[in-house]
Structures are given as structure tokens and as C-alpha cells.
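Contents: one structure, followed by commentary.
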Amino acid sequence: MAINAQEISALIKKQIENFQPNFDVTETGVVTYIGDGIARARGLDNAMSGELLEFSNGAFGMAQNLESNDVGIIILGEFSTIREGDVVKRTGKIMEVPVGEALIGRVVNPLGQPVDGLGDIATTGFRPVEAVAPGVMQRKSVSEPLQTGLKAIDALVPIGRGQRELIIGDRQTGKTSVAIDAILNQKGQDMICIYVAIGQKESTVRTQVETLRRYGALDYTIVVTASASQPSPLLFIAPYAGVAMAEEFMYQGKHVLIVYDDLSKQAVAYRELSLLLRRPPGREAYPGDVFYLHSRLLERSAKVSDDLGGGSITALPFIETQAGDISAYIATNVISITDGQIFLQESLFNSGIRPAIDAGSSVSRVGGSAQIKAMKKVAGTLRLDLASYRELEAFTQFGSDLDAATQAKLNRGRRTVEILKQPLHKPLPVEKQVVILYALTHGFLDDVPVNDILAFEEALYDYFDMHYSHLFETIRTTKDLPEEKDLDDAIKAFKDQANFN
């Protein structure tokens, strides 16, 4: 049998042309140190800052310290099975989280994995956890109100869509309750809410989730949780994961409310990571970039321009103070970043004034532009009235005789304090807030005993719902007050048939 050299040559050439190389080139390194959620690895010379790295046990890490001879890595998950000498490889991808509507109604960890036992989440999109905030020309000024349903906030420290309003106070002063009530009040307001629980007890998070479910608020809410028992890298990354999920909706032209509960615990987790990564400590052992930790997070909340869809992210970050000290390091940092703060005072809370908002120390830098006309008219003098009442109340401790004008101010002040009280998880629509504040500022409550104020308020709402619902409708649709005569007549008619004098 003759061998045809040309055929063999053609066959070999064809095989060479059709050859598909089947191999992967990955840059790998070796773990040189492991402990406390931190790893160090040699050999990853081209790793990027914030890059996702994969360990041989399947766990993922994030490159943080890029040094001349090794890389400092924070481990996002189980690290007890990682050993020195294990292989760690680059993925070539920056840390991302799943985003999209499929997350709504679910409880997830900072990596976007479900922790509520309701099965997998069919998300299709991803966004990087670290992203550049919208620039100056990509933003619009805050002009639309975000109604929290709490009279003390909507009247005294109004919040607008796209604003960052800090909620600050000692532990157990009702910070979480304020945020949960604000989420409950977004029902039917075309708003998506994200509640980020950082370093909370798992039982506490479960309670908040059940509250949201009971009031039907979980239908438009995503809960991101990094509990106290989880490694500090997850606590550090949780707020960034939450805001990445929010940005997806914002750039689709939707409105988002995001609650960070609380950033003090994130700062402590970041301090822990930084010290373990051997970064130089600064004041109170926090690293030098702890301001940037929070500023780059909160700057991502904005009201974006119409060219970008006109969506918004409104942020309610929490800071926990020690003994009411709002001049502490992290507290002053976040106060300077945000557009105002709501200060909750322990003494007010313990004396039964809830929400325990200190009107003197609380401020909204957006102010009246985030209020409807009707609220602006009825709440205009409320803050001054409250401040002068507090001042006069301090003087009356000395028991001096009071003239009629001073007595009238004190009486009005006591009724103002009562009106601003509100039961837990009972947010009020803005039209009801406007009517009761109108009744207060126009003297209709001056002859009602202080102990009967809350009963008077409930009865007034019921009476208006039955007989004057068109006045509520007018406020809701026009955002302005109805004719003063109509309101006066309606309140007088209620007082004539009710026995509160």
C-alpha cells in the first residue's frame, strides 16, 4: 500500500487549522496569612483594588491592600477552612451584587444571596458595589416632599426625595421605629424601600421584617442584613450593596428610600478591618479615610436630572451616640456629609414624648422646598412656638407670677407637644396632619384639656372622614389649604357636637 505524502500533509494542515486550544490562563497567588476574616497572598501582582478573588475552598474575597510584595484581602464568607499555602486566583471582575425587581420582598445578605428560606432569586443584572456618585450637572435640586407620616418630621424637619437626613440618638430612643414608620407610609406612593441592617441582632431584624410583612410594606421593600454574628467584611460592605441595588432603580427613573441602620457599626467594622490589614490608625483608632468611607456612600443618594431618568435615592443613615454626645468623631463626620439631622433625645423618650425628636437640635437643610404649600402655611411658626415654649417652661420652674400672654404661650406649647406625639406604626397621611396642625395654630385646641388632646385628634379625623372628606381631598389633590372659612366652620361644627371643653 503506497503512502501518499500529499494527503498526509493536507490532513495535518487541516488538523492544525481546526485546532482549538483548550486551556485557561489565570493568575494565581498563595495565601501567606489567614485570620479574623483577613488573608494575605503573594503572587497576585496585577490584582485590581476591589477585585473579586476566589479561594480554593470556593469562598470569595475582595482585594483591599495592594502592596509591593503581597495583597491584603477581606474574605466575604466562610474562612475557617482556608489555610496558609492555599491557592487564591483572580477573577478579573470588580465586586458586584445582583440587582433588579426580583429582589423586592426578599431578605438578602450583602452578597445578594437570599437568607429568608424562600428559594433562589432570579435576578439578571449586576452592579458594582463601589460606583462613582452622580456629578454636579447630573443632579437636580430637591423639590418633591417625601412624607414620613410623622407630624414632628413632616412639619418641623421636612425630608425631600433625594435628600440625606441623618437620624441620630442614643440606643433605645426609637431611631429604627422612625425609619420603619417612614417605610410604612410609602405604601401607594410609587416608592421602593431598602432597609439595610448592619450589625443588628438577628432576632431584631426578624422582628422588623415581620412588622413590614404585617403592614404590607414588604411588597415594595428589600431587606439587606449583615447581622452581628457575621464577619466584619460583610458589615463593611452591606451599605454599599444596598445603595448599588437602589441605583439600579434610580437610573430607571424610580424613587427609592434607603435606610442604613446603623453606620456607627459599619465604622467599627471598618476600623477592625483596617487594623487587621495594618493600616495606620488615627483618632479613636479609626483609619484616616473613615470620612471617605461614609461620604462616598451618602453622595450616591441624589435626585438625578431628567436626562438620567429623574429618579432619586433618599437616604436615612443612623448614628448611635453615647450619652447624647453629637460632637463625637463619627457623628460629626456624618452630620457634615448629610443635608440635616433628626436628633432623638433619651430624656424626651423616657418622659413619654414619642417620637422623641428634639426640635431645637434637629434641622433639615432642604427645608420648605420639601414641603407642600398647605404644610408650609400651617407649620411655619411651629418651630419658634416650640422653642419659646421650652424657654418659658424653664423659667416657670422658679414659680414666678405669669402674665396672660406668657400663660397663653405655655398653654399653646403644652398642646403642641401633645399633638406632635404619635403612636407606633401609625403614620398619618399629610392631609390629616395639615388639618390637626391648622386647628392647633388657629387656637381651636386652646380650650381643650391637655389630657384630651389625643382623643380630640382621633375624633376630629373620624368626623372629617364622615362629613368633610372633600376638605381632605382638596388638600391631597391641590397640595394647598382649602378656604379658611370652610376649615374653620368644619372644626367649629365638630367642637359644637363633641364634648372636649
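One is the number of the first residue shown, and numbering goes on along the chain from there.
The backbone N, Cα and C atoms fix where each Cβ goes, and this holds for glycine too.
Taken verbatim from Swiss-Prot:
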type: BINDING; residues: G169, D170, R171, Q172, T173, G174, K175, T176; note: ATP binding site
type: SITE; residues: S362; note: site 'Required for activity'
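Positions of Swiss-Prot features highlighted on the structure.
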residue: G169; record: ATP binding site; DSSP (3 states): strand
residue: G174; record: ATP binding site; DSSP (3 states): coil
residue: S362; record: site 'Required for activity'; DSSP (3 states): coil
Check your understanding: Taking every protein chain shown into account, which of the binding-site residues R171, K175 has the largest tally of Cβ atoms within 10 Å of its Cβ?
Key -> K175
Check your understanding: Which has the fewest other CB atoms in a 10 Å radius around its CB: Q172, T173, T176, S362, the listed recorded positions?
Key -> Q172
Point to revise | C-beta crowding around G169 (ATP binding site), within 10 angstroms | key: 28
Study note, to complete from the structure: D170 (ATP binding site) has its Cβ surrounded, within 10 angstroms, by a count of other Cβ atoms equal to 18
Exercise for review: Out of G169, D170, Q172, K175, point to the one nearest S362 (site 'Required for activity') in space (Cα versus Cα); all of them are binding-site residues in the record.
Suggested key: G169
Check your understanding: Does G174 (ATP binding site) have same-chain partners at least 6 apart in sequence with Cβ under 8 Å from its own Cβ, and which are they?
Key -> L344, F349, R354, P355, A356
Point to revise | Cβ-based neighbourhood (8 Å from the centroid) of the ATP site, residues G169, D170, R171, Q172, T173, G174, K175, T176 excluded | key: E320, L344, E346, F349, A356
